[in-house]
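Annotated features, as they stand in Swiss-Prot:
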- R87, R352, R414, R501: jasmonate binding site (BINDING)
- 18-59: domain 'F-box' (DOMAIN)
Amino acid sequence: MGGEAGERRLGRAMSFGIPDVALGLVMGFVEDPWDRDAISLVCRHWCRVDALSRKHVTVAMAYSTTPDRLFRRFPCLESLKLKAKPRAAMFNLIPEDWGGSASPWIRQLSASFHFLKALHLRRMIVSDDDLDVLVRAKAHMLSSFKLDRCSGFSTSSLALVARTCKKLETLFLEDSIIAEKENDEWIRELATNNSVLETLNFFLTDLRASPAYLTLLVRNCRRLKVLKISECFMLDLVDLFRTAEILQDFAGGSFDDQGQVEESRNYENYYFPPSLLRLSLLYMGTKEMQVLFPYGAALKKLDLQFTFLSTEDHCQLVQRCPNLEILEVRDVIGDRGLEVVAQTCKKLQRLRVERGDDDQGGLEDEHGMVTQVGLMAVAQGCPHLEYWAVHVTDITNAALEAIGTYSSSLNDFRLVLLDREANITESPLDNGVRALLRGCTKLRRFAFYVRPGALSDVGLGYIGEFSKTIRYMLLGNVGESDQGLLQLSTGCPSLQKLELRGCFFSERALAVAVLQLKSLRYLWVQGYKASPNGTDLMAMVRPFWNIEIIAPNQDEVCPDGQAQILAYYSLAGMRSDYPHSVIPLYPSV
């Protein structure tokens with residue numbers, strides 16, 4: 001009895017012995033959402049203090065809760081990030097009409113959330129009416145507004161945002177699909193109505209931008225540090241760069257002269273502001289890359305994904321950029337280019353090597369070959385890497401072991417094995433994956449997309465055993481049988497989000513794995529052994545667990561005829577906006 005009384009007294013001391021003000025201040029220094037969640041579970045009082053002091057929340061699936069429930073849980077939110085469509089939508093694997101409307105959220109955000117200053121919508125459908133409602137309610141407060149890979153709105157609503165949100169410091173539109181109704185008048189509105197803007201990003205959109213309006217924007221927004229635009233001829237931006245005295249990050253422009261004669265090109269002594277640290281240029285070729293040579297030593301980020309550079313060009317340019325912390329390229333860089341990166345870029349923290357698109361209208365002037373040779377060089381030469389995404393043509397266990405040995409700071413590693421060669425040097429890669437996971441103990445995100453046979457059931461067992469901290473995982477073409485998935489699911493204690501493609505596990509194995517992965521909140525599968533009516537998936541039914549079958553669409557979505565499974569936790573119950581292509585398998589309990 002004495003022990004129980006002591007525990008009760010300790011509980012009361014923990015709940016009430018710390019003043020709310022002090023507790024709130026301490027919680028303010030705890031930024032990791034997992035840690036905040038753990039704090040909120042200590043007792044009801046701490047949960048209330050967490051609710052009142054939480055300033056930012058990310059909702060990874062818009063259908064996982066309701067706006068009203070979120071407001072009741074966190075009434076003092078200042079910043080909200082909201083995602084809707086599955087990540088597979090970025091690769092055209094999800095039907096266009098799947099869902100993801102922002103309207104219900106924007107109505108509630110506009111009517112409540114009285115402290116909201118920053119809103120980030122990702123992969124959502126946002127209409128002009130939605131933006132009108134939001135702006136009327138929050139224009140006087142918004143300092144950051146991001147429409148990230150969104151669609152459904154036009155430049156007329158952007159003009160409204162630019163005209164009324166005069167405290168806006170960040171406007172982010174990258175990779176969104178935007179209808180042009182008023183051409184680039186929204187940029188002029190932004191330039192004439194906003195003097196505090198620090199970031200403007202409409203990179204990878206089809207929006208037209210007048211060089212004169214952009215220069216006016218830079219001239220009036222003296223705090224502008226980040227400018228990422230669509231295609232705009234670089235020689236028309238000379239005045240802009242001479243005006244942008246504190247610009248640190250630029251993306252866009254274009255070295256494609258769109259029909260101008262050769263003699264009109266003059267990039268000698270091209271001027272970039274000395275404050276420039278991060279750069280991404282479009283359609284730059286061998287003749288133009290010399291404009292970067294005088295600025296290379298100052299650059300911390302360089303994005304060469306959308307250039308016409310050869311392997312040798314990459315080598316020459318990277319050699320002049322010893323202080324790079326972020327490098328993004330296509331696999332045309334080759335092993336030779338990665339060896340130069342390893343020798344030169346000792347401060348590198350993030351490296352992305354994307355696959356070159358062979359059908360991209362001439363962007364591929366040389367096929368790169370990134371193999372275990374380049375990976376081993378980077379692992380040994382760049383000890384501070386935290387993020388590494390790479391497409392390779394060949395890979396060995398030794399290369400993966402080298403990453404585990406030398407890249408222990410990695411928190412995000414993604415590897416895709418391309419099918420350009422008939423065979424790879426070594427298979428399976430089980431031991432290499434084991435060594436990588438044992439060495440990279442800080443990993444939070446892990447993707448391993450290979451070929452059938454490249455990772456056996458034994459390798460899947462290693463992933464389960466050594467993925468203690470991984471929260472997101474993508475696996476493609478892995479395993480030999482259901483047993484491999486079941487072995488994986490006995491581990492991975494922190495795994496919240498799992499994506500599987502081309503693995504062909506049975507519905508029964510998928511259901512059992514979901515039940516064994518205790519932290520799992522989200523599952524997406526394409527390519528599995530489907531039954532005629534999905535009855536074996538019923539085994540994964542549990543309270544608050546939504547299950548959707550996305551039917552194959554021979555014309556648009558899944559030309560290989562593979563259905564998809566999407567399952568996720570939801571406190572909101574079964575959603576009501578299913579299109580015909582989506583079949584709710586079982587309602588939430």
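Including glycine, each Cβ sits where the backbone N, Cα and C put it.
Structure coloured by features recorded in Swiss-Prot.
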residue: R87; record: jasmonate binding site; DSSP (3 states): helix
residue: R352; record: jasmonate binding site; DSSP (3 states): strand
residue: R414; record: jasmonate binding site; DSSP (3 states): strand
residue: R501; record: jasmonate binding site; DSSP (3 states): strand
R87, R352, R414, R501 as binding-site residues, winner by CB count within 10 A: R501
Confidence summary (mean pLDDT) of the domain 'F-box' (18-59): 86
Extent of the jasmonate binding site in Å [max Cα distance among R87, R352, R414, R501]: 21
